[in-house]
């Protein structure tokens, strides 16, 4: 009773949610203030993984990985035992009401972006939580804020597409907001050419849709003789406009669900130029889930590099190779708080290069001790490491 227990990273930070179990960044996600790192050995708990390195200079050669007071290391190091804590506060957090809800999402309000019902994002939300109540949002940022403010329980937002690549806006918002990825879901995007009842393909002179949908169907639309394109905010909104304005010479590229909702005919199906058109969506919540090792898990992290020595990025990523942890995705984004880094003294005039944040997906669970050790080792190269989520990955057929 006379001892002061370390503060638990899972204790509530806001009235509507528990504090970020995987992040200890203070007022700003990019603020790198010195924070002592604590970690539990319980495999069902998620350690705190956001810390900056002490200011002491690194010794030459290979250093040891002390997870409580990390020293900079010139090379990845072998695993060292994790410290053992017996403090009862380090036990896994109690289950919340959200944990006890059905996996189908009954009772959940789930936000999605793209404005109008019938959008692909709504279909992804329904695939993730079949019995949820979907809530459309005008912008991606609105969906993030809705979860943070407890207006909704979850958000399902696109992260990458097999044709268009990454949705960079959502990568940036992940770092700005204190939410956690709790799952992902893949959705096959099958574009359809829609028009009002009685309109034929030969009657169409133009087509409207989201710019990305138009780009994905460019060649097919040209073959159908439709040369004019009109870009609008979202695919379902295009279908809605065609219906409301009773357009006879303009169609929409949207989903079959949009055709059903807005009373349009489907003139052609699967009109995307590449038939394998899949979007991966992330599921966001205010609280992280308890990671496990009994199913395929993915862990998403973000980190910058501070000391840009030769092969520094290679050395940082080697902490995963040394432990046989596979990386499935690496995405670099500008470091907006520190956009430039100065090169060494090789040149007479200092050279400024762009500075980056690195988003990495691991085929690993935070419940695996080797994953925690790898991230502890990574902290020797990075001013901070933030775990965006450790979650079961979607392995179902799209």
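Every residue, even glycine, has its Cβ placed from backbone N, Cα and C.
TrEMBL annotations: computationally assigned, not manually curated.
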Among 22-42, 43-63, 64-84, indicate the range for which TrEMBL gives the feature region 'Disordered'.
-> 43-63
For the domain 'ACT' (301-392), give the DSSP counts of helix residues, strand residues and coil residues.
-> 20 helix, 32 strand, 40 coil
